[in-house]
Amino acid sequence: MTATKLHKKVILVGDGAVGSSYAFALVNQGIAQELGIIEIPQLFEKAVGDALDLSHALPFTSPKKIYAAKYEDCADADLVVITAGAPQKPGETRLDLVGKNLAINKSIVTQVVESGFNGIFLVAANPVDVLTYSTWKFSGFPKERVIGSGTSLDSARFRQALAEKLNVDARSVHAYIMGEHGDSEFAVWSHANIAGVNLEEFLKDKENVQEAELVELFEGVRDAAYTIINKKGATYYGIAVALARITKAILDDENAVLPLSVFQEGQYGVNNIFIGQPAIVGAHGIVRPVNIPLNDAEQQKMKASADELQAIIDEAWKNPEFQEASKN
């Protein structure tokens, strides 16, 4: 996609709670000029209904073509966003979803590529780091054009939690969660800052904030999805807005730095997997990863998180079906 292209087209695969919330966010924010929504045949009418419902919001936002799409509509899309997958149930981890969602992912990616699609994949289905890897393997696309939502939502949760604790605007909090989007993720405390002031320095004026509270704060961030799932069944608003932000960065060629699921080529001593870290993203996908220097404890957590993902991938790829479908 060229940065000067005026008509920008997004295809969404999966019109469940996350997908439909993402579509609503795109309409609300006036992102893209065309949005096609793909669903499985038995849910095609839901996609038709959502497209019609969303189109009624356009007089309040900006013009956009919205419709229930087929896989052949991916051919000239700039971005294909994959939210389709088996939902995470109460008591399930994201990694419990691997077997079910790898098969779904293979079917989706194969059909998208067969359409002649030559844009960028953005993956949000869980476990997102594993499914970003499988999208890369099944598509044969360059690693720069396969992106996972990674720790974008986790980092937003972290910033919001710190903002509430410190009574500042979350937009002035700069802090990252890295690693797996899941149980082995970790907070990069060493680089957290408030408007450029290191968090440790900022806290000197906040004597009532104890270290134990910060540990508890992170645990709340890490476990936020479980909390929400137990209370309302699923998470979708936060990730939908995170996906809209990533979409805008790609379509508008922003070269924005966002925490995404990014291919590893030796950074942090990790290779050949996708995992959450900051990266520059624009019209051609990942421009380059931003390798934040980690302290020893953080580096160990990154390696442990990567090892966990690698073990899951190694086990999954014992399946001959996935081996045969791999193009990378």
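Backbone N, Cα and C define each Cβ position, glycine as well.
Of the residues Lys46, Lys64, Lys65, Swiss-Prot places Lys46 in the same NAD(+) site as Val18, Glu39, Tyr71, Gly85, Ala86, Ser107, Ala124, Ala125, Asn126, Ser149. The subset of binding-site residues (Asp154, Ala156, Thr235) lying with their Cα within 10 Å of the Cα of Val18 (NAD(+) binding site) consists of Thr235, given in sequence order. Of all the recorded positions given, namely Ser107, Ser149, Arg159, His181, those whose Cα is no farther than the 10 Å limit from the Cα of Val128 (substrate binding site) are Ser149, His181. The two recorded residues, Ser107 (NAD(+) binding site) and Arg159 (beta-D-fructose 1,6-bisphosphate binding site), show a Cα separation of 36 Å. Residues within less than 8 Å, Cβ to Cβ, of Tyr226 (phosphotyrosine) and separated from it by at least 6 positions along the same chain comprise Pro90.
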